[in-house]
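Chemist: For reference, the structure I am asking about is given below.
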Amino acid sequence: MLQTISELSIENKIFYAVLVFSWTVYLWEAYLAYRQRRVYQTTTHVPVELGKIMDAETFEKSRLYQLDKSNFSFWSGLYSETEGTLILLLGGIPFVWRVSGAVIARFGLGNEYEISQSLVFLMLATLFSACTGLPWSIYNTFVIEEKHGFNQQTLGFFLKDAVKKFVVTQCILLPVTSLLLYIIKIGGDYFFIYAWLFTLAVSLVLVTIYADYIAPLFDKFTPLPEGELKEEIESMAKSISFPLTKVYVVEGSKRSSHSNAYFYGFFKNKRIVLFDTLLEDYSPLNKVGEAETEHSEENDAEGESKAKPKNKKQGCNNPEVLAVLGHELGHWKLGHTVKNIVISQMNSFLCFFLFAALIGRKELFLAFGFHDSQPTLIGLMIIFQFIFSPYNELLSFCLTVLSRRFEFQADAFALGMGRASELYSALIKLNKDNLGFPVADWLFSTWHYSHPPLLERLRALGGPKQD
């Protein structure tokens, strides 16, 4: 006979509350995705207000691309939620912990070597996650992205990259985790302050070294050659006192034809990174298109070609690149980067403070199958991942709303620099290059979009480009 809720032990109440909330969030996300999927399915013609900025062919391509992504997201999300539920119901976490203990026992280490056991647990857990996620990643890359013309990778390159990412992740994750656990163990009553300061220091170091030492392990970075674009970027940076030291072009085209740009660094050592797919003059796809056009012209001269292929250039021209960077530098000038760091660290401190208050509660460990021990790493996982999940959902939504506000402000900053027209055309080009669908369900976009929908941004910039 089933127990009533009031008859359940406190640990069972915690366990079932975690499961119920997890599935509630999943069903909410599935409902939002269903609403957006209906938009993809029913909006088959270019809306009148988009007629001047998007042709019917690109609109249909973006619709089908986003529809495929939405369907994939449904099945992968369902698998992920089911897998997580089964792991909890079948006692997967304590099982892996016991396996970790057996592994270190083979090296003559007992239960008193908790940090060593925690590192083995972490390695096994991340390996399991990587293996179960690999088929989904392969399908996404070599079926969906390939079908819609974005994938540039071979299977060998992809697998080599996956192994490299796993190894690099372990090289960072294991030492950082061992030090964090050690600090918590020896920190006394105020360990949460020391743990927070440690994670702050690690995050600042990683942000500083990522593009110089970690990212080049996966992608080729080259300095932007001397020329008009580099001179104009340096001039624009100087005009707003942005302490630019280097401008790089990253060879993103060997993975995907999606485009991006970002800056990084602290204090007086800022760098800008541009994807080659963002730059009209650098995109390899444009070079292929030019070669095809030249071949077509030769065939025309010989009477062998009936029609020339369309030569649609990818990326932005120099004025548009500068407008995009004007937007990105606006984030810096308006203090968005600092504000995000402050919010992140305030949240981190709060979480460690609450963790310190909860880590001694034995019922939290009992709820997840730990009857004889209370490992610190497991406590971190239970509290940060499960107990804080309602708070994390609320925080995520608030940050999404804040991010959209920051994006509008950065657009306005670029407008103030006199680059509204160029940013307008750049946003349209980037939306086309990345097959972004410009029509969104209001509830889906409110919950998920960290950037405002395209039409809202274009309206804020003051209407269509005047030639």
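Placed from the backbone N, Cα and C atoms, the Cβ positions cover glycine too.
Owing to the predicted nature of the structure, the values given are computational and were not obtained by experimental measurement.
Per TrEMBL, the feature active site maps to Glu328. According to TrEMBL, the active site, proton donor annotation covers Asp411. The Zn(2+) binding site annotation in TrEMBL covers His327, His331, Glu407. Summarising the annotation, TrEMBL assigns compositional bias 'Basic and acidic residues' to 289-307. Among the features that TrEMBL reports, domain 'CAAX prenyl protease 1 N-terminal' is placed at 36-220. TrEMBL lists 223-462 with the feature domain 'Peptidase M48'. Per TrEMBL, region 'Disordered' is recorded for 289-315. Per TrEMBL, transmembrane segment is recorded for 14-34, 86-107, 119-144, 165-184, 190-211, 349-371, 377-402.
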Chemist: Who are the chain neighbours of the transmembrane segment (119-144) in space, where the CB to CB distance is under 8 Å and they lie at least 6 residues beyond its ends?
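Modeler: That would be 65, 68-69, 72, 76, 79, 83, 96-97, 99-100, 103-104, 151, 153, 155, 158, 162, 166, 169-170, 173-174, 177-178, 377.
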Chemist: Around the Zn(2+) site recorded as His327, His331, Glu407, what other same-chain residues have a C-beta within 8 angstroms of the site's C-beta center?
Modeler: Glu328, Gly330, His336, Phe406, Gln409, Ala410, Asp411, Phe413, Ala414
Chemist: If you skip the near sequence neighbours and keep only those at least six away, which residues in the chain come within under 8 angstroms of Asp411 (active site, proton donor), Cβ to Cβ?
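Modeler: Once residues fewer than 6 apart are set aside, Asp411 (active site, proton donor) is near His327, Gly330, Leu423, Arg457, Ala460, Leu461.
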Chemist: Please compare the binding-site residues His327, His331 by how many other CB atoms fall within 10 Å of each one's CB, and tell me which has the fewest.
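Modeler: Relative to the other binding-site residues in His327, His331, His331 has the fewest Cβ atoms within 10 Å.
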Chemist: How does the model score the domain 'Peptidase M48' (223-462) in terms of mean pLDDT?
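Modeler: Looking only at the domain 'Peptidase M48' (223-462), pLDDT averages out to 85.
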Chemist: Which residues of the same chain, at least 6 positions away in sequence, have a Cβ lying under 8 Å from the Cβ of Glu407 (Zn(2+) binding site)?
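Modeler: Glu407 (Zn(2+) binding site) has long-range Cβ partners Ser450, His451, Pro452, Arg457.
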Chemist: Which residues in the same chain, at least 6 apart in sequence, have a Cβ under 8 Å from the Cβ of Glu328 (active site)?
Modeler: Ala261, Tyr262, Phe263, Ile272, Ala410
